[in-house]
Structure formats: structure tokens, C-alpha cells
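A.B. asks: Below you'll find the structure I mean.
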């Protein structure tokens, strides 16, 4: 940092250190780390010790990686560009949450509580019924009055009696039904934010339907009208807001693409021409396979190139896959024998297929990746079958796993389906963008995991914060947040980490024998207090990861699909036209050398379909010569032209 400040200047001149937002992040992390280091050295001073709270800022150090990775830098720049639009959506969401919160507070404040505990469970049916509808002392029967005595409770209110009073009078606990409530607007807005993530929304709706009035015991399905209220919020606050987030991010991505793509100054025709040039550079010459000279090889060559043979092999793959999926626990011996026989027959078919193609194509068989995969699967399956016949059951399990690899052959159906090829191609195109987003997501999980260990490592265990979901180590915290990113019970964990149990210790010293740090049954209970920072921690994490980053992933995939579809609809050089050129070239260059004699250009131009070629269009010799001069093809030794030169020149002259 100091070296850059000296070389670039601090802030005043153009190009100074702090003029770059990435340098601001680096400076913030470096200065905060220096302050923490100074505080650790000066622990003797009590006022300096307060600065140790800044040690949590060390979790931000990994953010410095962003400025050093162009891909990550681009994603973060896109996120920064989308902040104004995202803030507008957040503002709209806050208004919606506020409106629903005001309505919920007016009708549901103080109602999400009920009598519970062991004492309540021991009450008789009549006592529980009285708890739901308590009556004044004058209206009680002798049996009901016997439930109340001076040893149980003193006095009896003359005003309106509540379930809470009766519950506490009998020594039971009057506790919240849920961690979430609508007691005030702040709690209500937090609850609706949780609802917008669709996490456990049905239990909140059920609690509202059971609610009666403040201080009164809930009654099952007391007011089912609340179902309409909650469904309305889920439609507006969850589905609508979530899709608006997706739309905003996609729109911002399209805007940035137009700015950074460098093609916003081109006309539509010029863009189509550029795409045609790109498409032409992606293809090359292909080889036409010739039948071998041996009679058996020629027979195999004729058979394997028929459509019926390919259909038969595909049918065997499908049948084999379906039979593997038919295996289940408790299957009969007859079914197991039948599936084994069919599986062995399928293995034989695949082995015969590989042998026939090897005889038909020779070395060219191994040039195709699908053939390589098929051969590896066949060899592995045959080896597994042989080993299974002479080995133990443990090896048999291994051979079954090898045989399951054959299921992957079903992906060969991709070759015969253009729509599936388009989907896989789009996903392949999305990989660079998805890799950058995944890197940012991992970086965010890393930062939050580190902060979680600093903030919540000593919080007491609960039903939700257990041995598998906690921040007692970085690894567990990372997996915990990965689970929370999917929305799995993140709200329950947030409330448990924010609340404190009676008798808890604010900052207990580390003890390796504490539960969570020790796996022994007689471990010491971990009694750390909760930290209210958990509300900010989890809400910000959910907003960044669930609402922004995951939607950014959706945006990249959708944008790739849209781009792929747009290119397909507007393309001048459709895949069929390029494949036709390849096959026509292969007829003139069967060994795929990439060169043909210049005098072969006339039949090539006549054979290729327009707009790339002149098939079906009258072409006189003078016109052809003018066309060849326009192509300006370079001639190589032997008066030959190259495949790449020809396809690019013909594309240019379309």
C-alpha cells in the first residue's frame, strides 16, 4: 500500500491511489488490520483493548483478491453497476413489507404465545378447555374452584380473565409459539423478510390462523381468513419481488454487455456479418471414412453405418438404463436373475458394437470421443464381470459400480437431439460467467464463515445449533452457511444465535472438553450467550447470496439462453449450411488435409447452398471468374487453396 501511495500519489492528483475504489477496499482492510495488530501489542492499556473488537474486520482480507482477478473484478463491477436498480427494488420491498407489517401488528400483536411445558401437558382435558375460555370466579363450579387455591395462586382478578394469568397461576410456562412474532413493526418486517424467502412460511400462517387475542390461548383454526392474507403476501412479496430482482439483474447485465461488448456502434447487418465470420472460424475439414479392403471389415462398415443399427444400440442403452433403475431393496431372486441376464446381454451387444466399429473404422474409431468413452466402458464392464465371477463380495460391489457407468452412455442421445444439444451448448457457453460468479460466491462464504467463527463460536447449543450446524470451526461454519444459502432453516438458526439462555456467559474461555469441541458423551455444556448481531449477519447474508448472487447465476444462464436463441434466429450461417460446406469439401478432400486444388473451386461453389454458395443459381464462367477475383484466395505451393481461407472469403462475399 505504501509503495503504491508513493508511486501514484494519495488522493489529489489524477490516477491517485484512493481514486480507485479497489484501492479503497485494500486501504480499509490494511488499515483495520494494522489497528488490530497495534491493539494486540498494547493489551496493557484498557482503552486500547476496546479496539480488539475490530479484529473481526480481518475477515475482509480475502476481498483484496477481487482486484487481482479480472473475472471477479468484472462480476463485482456488474454488481456495483446494478446497486441503484437493486436499491429501488429493496425500497419497493420495504414499502410492501411495511404495509403488511402494519396490518399484522394491528391484529396479531401479542397473540403468538401459548401455555406450554410439562405442567401444561399434565393438565386434564377440562383444565385445558378452561384455559382456552377462562370464566370469572362467580361463574366457576366447585370443581373448577378447586383448581385454584392459595397454594397455587393468590387472589383472583375481578377484571377480564386471561389465559396467561391462569397458565402462570397453575405454574405452567407462557411462552412464544414461534421465535417470529408481530409484536412491533420491526419484528413484523423481519418476519415478512423471512416469509419472502419462503422459509417455513406455512408454520407462521398456521400460528396466525390459531391466534385469538393477546394473553389468550390459541385455538386450532380459530381464524382461517389469515390464509388469504399470507397467500397474498407470498404472491406479492415473494414471487413478485424475487422475479423483480431477477429482472433487474438481467436488465443490468444486458446493459453492461452492450457497453462492454464494443458492438453498440455496429448496425444489425454488420453484427450479423461479424457473427458469420466467427461461426466460419469454428469449423474445419472433416474426413470421409472409406470402407476397409477386408471383406469382414467392409461388412461391418456397411452395418454400423445404417440407421437401424444405431437405433438398435440406442434401444439397448435405454433398456439397460431402465433395468438398472428397476433394482430395489427386497427384489425377488427371479427379478434379480432376469435383470442380470438382460444386463449381460447388453454388455455383449456393446462389446460386439465396439468390435464391429474397430473392424470398420480402424484407427479412425479412436478419433471420436464418444467411441473412446464406449470402449472404456465396455472394457471396464468386461473386466468387472470377469472379476466378479472369481472375487469376493466387496469386489462385486466395485464391479457393480463400474457397470453403473454404462448409464452415462444415455448421453449419446444428445447426438440425435438438436434441442438437447442447444441446451448443453448454452450451458457450456455459460461456464466462464458461472465460474466467476461461483468464485465470488465462495469468497462471500469464506468471509461470512470467518466472521461467524469470530462472532458465534461460543454460543450455546440448541435444537438448531447442533454438532453439525455451528461456527465452532471454519469448516463447519462454511458448510453451515452453504446450507443456509439454500434457505434450509436459516431463520431458526438466526434466532437461536441471537437469543441468550438463562445463566449464559458472555465470553466463556475456551475449553476443549465443551460440547461441540469434544465428541464425548460427558462433555461440558457450552454456555455462551447469543449475539444480536446475528440478525444483521443472516439477513445480509440471505440478501446478498439468495437474492443477488443466486439470481445473478440465473441471470447469466438466461442471458446465455437468450443470446443463443437470438444468434440462432438471426444467424446468416446456420449450422446446417456450415455442415453442408464441410461435407462438400470432404468430397473433394476425403483425407481432411485442409487443401484442395484451385480448379476444384467451381464444383465446390456450385455444390454449396446459398447464401454461402451458388447451388441452384445460374453461374456463367465470366461471373465465376469475377467471383474468384473478389474472393482473393491465397494460392499455396501446388496451386492449392486452404479450407479456412475459402470459408472466410466466401462468408465475406455473402
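Placed from the backbone N, Cα and C atoms, the Cβ positions cover glycine too.
What TrEMBL lists as domain 'Ion transport' is 1-259, 307-568. For 581-634, the entry in TrEMBL reads domain 'Voltage-dependent L-type calcium channel IQ-associated'. Taken from TrEMBL, the feature transmembrane segment covers 27-52, 72-103, 225-250, 311-330, 375-398, 437-457, 534-558.
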A.B. asks: Look over the recorded stretches 225-250, 311-330, 437-457 and say which has the most C-beta pairs under 8 A to the transmembrane segment (72-103).
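C.D. replies: Result: 225-250.
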A.B. asks: Going along the chain, which residues at least six beyond the ends of the transmembrane segment (225-250) come within the CB cut-off of under 8 Å?
C.D. replies: 82, 85-86, 88-89, 92-93, 96-97, 100, 103-104, 192, 195-198, 201, 204-205, 208-209, 211, 547-548, 551-552, 554-555, 558-559
A.B. asks: How does the domain 'Voltage-dependent L-type calcium channel IQ-associated' (581-634) divide up by DSSP, counting helix, then strand, then coil residues?
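C.D. replies: The counts are 29 helix, 3 strand, 22 coil.
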A.B. asks: Give the mean pLDDT for the domain 'Ion transport' (307-568) on the 0 to 100 scale.
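C.D. replies: Computed over the domain 'Ion transport' (307-568), the mean pLDDT is 81 on the 0 to 100 scale.
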